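I have placed the structure first, in the form of structure tokens, so that the comments after it can refer back to it.
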Amino acid sequence: MAKPKFIALALVALSFLSIAQSIPFTEKDLASEDSLWNLYEKWRTHHTVARDLDEKNRRFNVFKENVKFIHEFNQKKDAPYKLALNKFGDMTNQEFRSKYAGSKIQHHRSQRGIQKNTGSFMYENVGSLPAASIDWRAKGAVTGVKDQGQCGSCWAFSTIASVEGINQIKTGELVSLSEQELVDCDTSYNEGCNGGLMDYAFEFIQKNGITTEDSYPYAEQDGTCASNLLNSPVVSIDGHQDVPANNENALMQAVANQPISVSIEASGYGFQFYSEGVFTGRCGTELDHGVAIVGYGATRDGTKYWIVKNSWGEEWGESGYIRMQRGISDKRGKCGIAMEASYPIKTSANPKNSSTRDEL
């Protein structure tokens with residue numbers, strides 16, 4: 001039977017950087033077909049996008065609609081977040097959904113009859129209240145933003161971000177680990193570029209360990225498992241747990257202790273072109289994308305947010321991150337962020353022969 005397809009100051013600086021990496025435009029650029037065409041050519045040059053003439057004409061029509069949407073949204077004076085003309089500029093939302101947010105995590109979990117949150121939650125009885133804010137980037141537990149490309153491997157990037165985090169917290173060493181090993185080798189239930197689940201990936205790493213990004217670099221496609229590297233793990237974990245579902249307080253308690261893997265619905269226009277600010281936009285709970293929460297905080301006006309590390313490259317969002325509204329009335333959280341959270345457990349030392357001195 002075929003397996004189912006799953007699937008502070010620093011922030012200010014990140015905001016400016018995200019703007020610099022997108023293509024700015026003004027009313028003048030929207031004034032005519034010629035000016036819009038010139039903007040499209042500028043966008044294509046910036047992103048080195050090659051198109052034949054027929055495809056270019058078709059994509060130009062998509063581009064115009066996207067520019068109009070971004071412009072009209074950014075005219076809203078009270079919007080707490082902004083959109084930008086990023087690398088998805090001539091892609092329809094349907095194409096974006098299928099290529100970057102196509103892992104129906106919740107649907108495929110239910111297909112397999114998997115029940116969440118049947119085990120314990122190690123942070124449930126932590127005595128002290130979590131800090132008002134935390135940023136694991138500032139604590140040195142987060143590697144640079146990576147890019148999954150047009151491969152549905154978000155589940156691998158989410159998993160690796162959490163494992164990189166707990167490894168740094170426990171060992172003091174930040175090591176960039178291999179998503180490609182999961183894509184190629186974790187194939188019992190996960191399906192590489194066709195999607196997967198973070199819990200399965202945690203189980204794989206618990207059994208096999210994981211090697212470094214440098215040793216097993218990302219290829220943006222499914223490949224044959226490199227068994228020699230599979231047998232030479234650098235980092236290990238001892239298990240994983242799920243955060244109690246639909247409970248942002250429990251999620252906050254977990255994030256206060258380590259980066260956490262979560263699933264969200266990320267397929268809307270607001271996500272496609274998100275640039276900066278706290279995302280409060282429209283989204284549902286059809287979980288289709290795996291990411292990692294690496295902190296939380298609040299703006300000066302009191303808007304609470306999660307700091308979320310994405311895997312769409314540094315140009316998207318706040319240099320690859322998005323701040324998502326926290327503490328909303330829906331217990332499932334913004335875009336379902338509190339529905340499917342999990343994290344690795346590490347109590348043992350890494351394999352003795354491993355060398356965790358890796359480039360970042």
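Backbone N, Cα and C define each Cβ position, glycine as well.
Here's what Swiss-Prot has on this protein:
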- 1-20: signal peptide (SIGNAL)
- Cys151-Cys193: disulfide bond (DISULFID)
- Cys154: active site (ACT_SITE)
- Cys185-Cys225: disulfide bond (DISULFID)
- Cys283-Cys335: disulfide bond (DISULFID)
- His289: active site (ACT_SITE)
- Asn310: active site (ACT_SITE)
- Asn353: N-linked glycosylation site (CARBOHYD)
- 357-360: motif 'Prevents secretion from ER' (MOTIF)
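According to its DSSP assignment, Cys154 (active site) is helical. According to DSSP, His289 (active site) sits within a strand segment. The Cα of Cys283 (disulfide bond) lies closest to that of Cys154, out of the recorded positions Cys154, Cys185, Cys225. Rounded to the nearest whole angstrom, the C-alpha distance between Cys154 (active site) and Cys193 (disulfide bond) is 9. Under the three-state DSSP scheme, Cys335 (disulfide bond) falls in the helix class. Candidate recorded positions: Cys151, Cys154, Cys225. Fewest other C-beta atoms within 10 angstroms, Cys225. Cys225 (disulfide bond) is 25 Å away from Asn310 (active site) when you measure Cα to Cα. Sparsest Cβ environment among the disulfide-bonded residues Cys185, Cys193, Cys335 (other Cβ atoms counted within 10 Å): Cys193.
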